[in-house]
C-alpha cells in the first residue's frame, strides 16, 4: 500500500517538482506551488527508505535557453514525453525525439542517462511521414469500407427500385398487350363493318328521297401502315403468260393480283422513270383494291382484268417503241382506276333515279366522273401519291390524260370515239398528239370490254357476272317504277342474245379498226372474237330450237339435260339420232352437228333428278 501511495504521490510530484524547480530557470514566469507544500512533498519523497526513489534531472535546449526537467524514475515513458512536450512548448500527444549534443537519439524513458547544462538535450517533433502514411492508409481503408457499405446500401436501394420498375413495366406490358388485342379487335370490327357497308352499297340509295347525298362524306381508307400483303415471286412462265390476252384471271387471289400489278409497273420501267417510292406504290395499290366494291362484275378482279389486258396489248403492239413512258403510265394508271367505287348500277339508272352522282355531275357521265374523283382523292394522300416526285406541270398533264381516258369508258360515247379513230387510222401519225390521244382512248375501251377476247372458259363466267349485275339493276328499276332496258330484263334476255349483238356490232368493229394499225392482234384478239360470236350464235339456234320444240311437244327431261350440258361449250356434240322429240328440234340439232369439228357419243341415261336451274335461267 505504501508503494502505491508513493507512486501516486510521485506522479503528483512530477508536476510540483517541474513547477518548483523549472520555475526559477524560465525567463517567463511560471506559476509555482507554495514552498511549504513543496517542502512537504519533498519530505515525502526524501522520506523513502529506498534511494531508487530519488528523482532524475535532465537539461533541455529550448529555443536557446536551458530548461531543467526533473521526474521520478517510476514515471512511464508517456508521462515523460508529455512532460518534455510541455517543457518545450510542443502540443501534447505530438510524436517527439530526444537528441543529445552530438545528434544521437536518446531513449525517452525513466532510465535515460542524465546530462549536464553543458551537454543539453534537445526535443524535436518527430516527422510523422510514416505515421501519416499509416494514417492515410488507415483513412483510405476506412473510406473504402465506408464506400463499400454505402455502395451495398445503394445496391439494395437500386435492387428495390429495379424490382419496382420491373413490376411497373410488366404491368405496363400487360396493359399494352391488352391494348394491342383491343386494337386488333377494333380493326377486325371496322373491317367487318366496312365489308358490311360495302355489301349493302347496292341498296344504300333505297330511301324515299330521290336525292341521297350520303356519299358526300365518304371517307377513303388508304393503308397508312407498311403494306403486309405477301411478296410473291412470279415464275418465268407466269411472267410470260401475264403478257398475253389468254391469261386466266380466275386463278388468282387478291394479294396475288396486287403483286402482279406491282410487277407490271416495275417491268414497264414506270417506277424508275417517275421515281416512285416502292412502298408508296404498294400503299396505292392497296387503297385502290379497298375502294372497289364487291359487285358481281364491276369489282377489283375486273380492274385487274382490264389492267392485265392493257399490259398485254402494250407488249403485243410494241407500244414501248411508239409511245412515251408518260403515255405508258397514263394507260396503266387509267386502267387500274377506271371503275373505282362503282356502285353496281349504270349511268342510265343514276340519271333516271336522280341519284347524288347524277345530280353532282349534271347527268354527264356520272359514274366515270366519280371514278376520276375517287382516283385523285387517293392520289392526293401523301402516303398513296405515286406521282409525288413528278414535276407539277408533268403531273397536270398526266392527270388530265387519265381523266380523259376514264371518261372515254362511258359507252354512251362509243360511236363518237370510234368514228374519230376511223378518220385517223388510215393516216395515223404517232407524232401527232391528237392521234395518240384518240388511240389511247380506243385502247382503254378495248381493254374495258375485252373479256370475249379471252378463251371461252375464262370469258363465259364474266357474262354470268354481268348478267347478274344487270338483273339486280332491272329488278330494282321495276321496284322503283323506272324504265328497264330489254338487255337487262331477266324475263327477256338470255346469255346468247346478250352477247351476239354486243360482239357483232361493238367489239369486232372496234378491234378490226385497231387491227389496221396493229395487224399482229388479228390472230390473238380479233379471231377469238369471231369464234365467240359463232359460239353464241350456235347457242342461240339451240335456244330457239328448244323454244320451238317446247311449244309443239315438250321434250323429255333427259333431252333438256343434254341440251343444257351443250350450252356451255362450243365443242360439245349432240347424238345424231335421239329417237325422241319433234322433227324440228332434231333437224336443228343436225344442223348444229354439221358445224362441229368432232362427235361426242353420249349415252341417253339421264334422269329427272338433274338440276334444270340453268335451263330455267336461260328461258324465263
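From the backbone N, Cα and C atoms, a Cβ is placed for every residue, glycine too.
Automatic, uncurated: that is what TrEMBL annotation is.
Database features, via TrEMBL:
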DOMAIN    222-543  domain 'PDEase'
BINDING   298, 299, 300, 301, 302, 339, 448, 499  AMP binding site
ACT_SITE  298  active site, proton donor
BINDING   302, 338, 339, 448  Zn(2+) 1 binding site
BINDING   339  Zn(2+) 2 binding site
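With a cut-off of 8 Å between CB atoms and residues at least 6 apart in sequence, the same chain places 292, 293 near residue 299 (AMP binding site), listed in sequence order. The Cβ of residue 499 (AMP binding site) lies under 8 Å from the Cβ of 452, 463, 532, 536, each of these being in the same chain and 6 or more residues away along the sequence. Close to residue 300 (AMP binding site) in the fold, though at least 6 residues off in sequence, lie 254, 257, 288, 289, 292, each with a CB less than 8 Å from its CB. Taking Cβ-Cβ distances under 8 Å and a sequence separation of 6 or more, the neighbours of residue 301 (AMP binding site) in its chain are 249, 250, 257. The two recorded residues, residue 448 (AMP binding site) and residue 338 (Zn(2+) 1 binding site), show a Cα separation of 9 Å. Ranked by how many other Cβ atoms sit within 10 Å of their Cβ, the binding-site residues 339, 448 place 448 at the bottom. Contacts of residue 298 (AMP binding site) defined by a Cβ separation under 8 A and a same-chain sequence distance of 6+ are given as 292, 339, 342, 344, 469, in order along the sequence. Cα separation, residue 302 (AMP binding site) to residue 338 (Zn(2+) 1 binding site), rounded: 10 Å.
Other residues of the same chain near the Zn(2+) 1 site, with their Cβ within 8 Å of the Cβ centroid of 302, 338, 339, 448, are 298, 303, 306, 335, 342, 409.
For the binding site of AMP, formed by 298, 299, 300, 301, 302, 339, 448, 499 according to the record, the largest Cα to Cα distance is 23 Å, rounded to a whole number. Within 10 Å of the C-beta atom of residue 338 (Zn(2+) 1 binding site) sit 27 other C-beta atoms, taking all shown protein chains into account.
Note on the domain 'PDEase' (222-543): its mean pLDDT in the predicted model is 94.
DSSP gives residue 301 (AMP binding site) a helix state.
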